[in-house]
Amino acid sequence: MFSSEMISSQQNHVVNTIETMPPETITASPTLVQRIRKVFSRELLVTLALGQVLSLLVCGIGLTSKYLAHEYHANTPVFQSFLNYILLFLVYTTTLAVRQGEENLLAILKRRWWKYMILGLIDIEANYLVIKAYQYTTLASVQLLDCFTIPVVLLLSWFFLLVRYKAVHFVGVGVCLLGIGCMVGADVLVGRQQGLGDHKLLGDLLVLGGAMLYGISNVCEEFIVKNLSRVEFLGMMGLFGSFFSGIQLAIMEHKELLKVQWDWQIGLLYIGFSACMFGLYSFMPVVIRRTSATSVNLSLLTADLYSLFCGLFLFQYKFSGLYLLSFIIIILGLVFYTSSSTYVAQDPRVYKHFRNAGHPITDTPTLGPLEPSVTYTSLRQEIEEEPRIRVA
């Protein structure tokens, strides 16, 4: 009897306390404007802006390449890549050479030379295959099949970087691909079927091969810039890229290079291409470190649309309202993807130290099968700290 009276009085006290609370202390449900502001945060807008800067650089690369190939008949994709690797070598490889200790060029080569050699070959051939494909297949096929990079990056990130995605990320990817389909449909309607040759199947296979190599290169780049160093990655790309592209240039493209009718205009186009390519290689690791390889590849989907908008004035392309619609759809997909953060799954059999400075984890014997743990890794700064999640 006494305990029931005590409980009843406590309940009445709680009710009276809630009823007598001042109105300003009660948190109201967020309004629609507040929810929109939370989604379109500063971090999300910065992420979108950085991705579009990369996309504009890709647009500059495409425009200068088109002028060189179609206006001046300079078909030198290997030489163009060689110039970029030489710039990377002069800036970043020499930076590694003058460093001391474990970050010195010789120390890095001693530990990981063969890995960077393979990565350099992958990067060179990815560029070469996609550019070569324009000689055999249509522009629409290149734009559509080049999106194969995205599922490659998703799968490799899942299995090798242990990235785990939420439903909203897959929705964002799907919306972006829908925008690409809309753009390709607009190309077909206005008749932009450039690059059609006699070996369309060969061209399509070259695009798929290049897209797969791009995906491998991007995931490796994400791992290196987030765990090692951006300068190390670019320095090694400059070293091995210039070496192997120089060999490929001497074997496959020296005759084409001799046919180029050199003048100041061609020189400016090569300089413009090299500047855009160098800017893309230098700036992309910064964006990947801030976001992810998947987010960067989704952002680059708008590069073809920027090229189209420039081509309306430079090459008299035909315009279609579907282009604007596809641009809006792609940006909407990017908003979906970047509005939520991914998380990284970590297996205690592989990772001995977790990001929990307040509660260090000790190696204690465990009975039965080990359960993997999942730690939240934000791709954008969150206001509140996310809890550690345990999955069975």
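Note: Cβ is positioned from N, Cα and C throughout, glycine not excepted.
The transmembrane segment annotation in TrEMBL covers 44-63 (among others).
The annotation transmembrane segment is assigned in TrEMBL to 83-101 (among others).
The transmembrane segment annotation in TrEMBL covers 113-131 (among others).
Residues or ranges marked as transmembrane segment by TrEMBL: 143-163 (among others).
Residues or ranges marked as transmembrane segment by TrEMBL: 170-189 (among others).
Using a Cβ-Cβ cut-off under 8 Å and counting only residues 6 or more beyond its ends in the same chain, the transmembrane segment (201-219) has close neighbours at 119, 122-123, 125-130, 132-138, 141-142, 145-153, 156-157, 160-161, 195, 288, 293, 296-297. Under the heading transmembrane segment, TrEMBL lists 201-219 (among others).
The transmembrane segment feature in TrEMBL is assigned to 231-252 (among others). Tertiary neighbourhood of the transmembrane segment (231-252): same-chain residues 78-79, 81-82, 84-93, 95-96, 103, 105, 108, 116-117, 119-121, 123-124, 128, 221, 224-225, 281-282, 285, selected by CB-CB distance under 8 Å and a gap of 6+ residues from either end.
What TrEMBL lists as transmembrane segment is 264-284 (among others).
The transmembrane segment feature in TrEMBL is assigned to 296-317 (among others).
Summarising the annotation, TrEMBL assigns transmembrane segment to 323-345 (among others).
Using a Cβ-Cβ cut-off under 8 Å and counting only residues 6 or more beyond its ends in the same chain, the transmembrane segment (44-63) has close neighbours at 272-273, 275-277, 279-280, 283-284, 286-287, 290-291, 295-296, 298-304, 306-307, 310-311, 314, 331, 334-335, 338-339, 379-380. Beyond its flanks by at least six residues, the transmembrane segment (170-189) meets 139-140, 143-144, 147, 150, 154, 294, 298, 301, 304-305, 320, 322-323, 325-330, 332-339 of its own chain at Cβ-Cβ distances under 8 Å. Contact counts against the transmembrane segment (143-163), taken as Cβ pairs under 8 Å, peak for 296-317 among the stretches 83-101, 264-284, 296-317. Counting same-chain residues at least six beyond the ends of the transmembrane segment (264-284), those with a Cβ under 8 angstroms from any Cβ of the stretch are 53-54, 57-58, 60-61, 64-65, 67-68, 72, 74, 80-81, 83-84, 87-88, 91, 221, 234, 237, 296. Residues of the same chain lying 6 or more positions beyond the ends of the transmembrane segment (296-317) and with a Cβ under 8 Å from any Cβ of it are 48, 50-52, 54-56, 58-59, 62-63, 66, 143, 147, 149-150, 153, 172-173, 176, 179-180, 183, 190, 192, 215, 218, 284, 287-288, 323, 326-327, 330-331, 333-334, 337.
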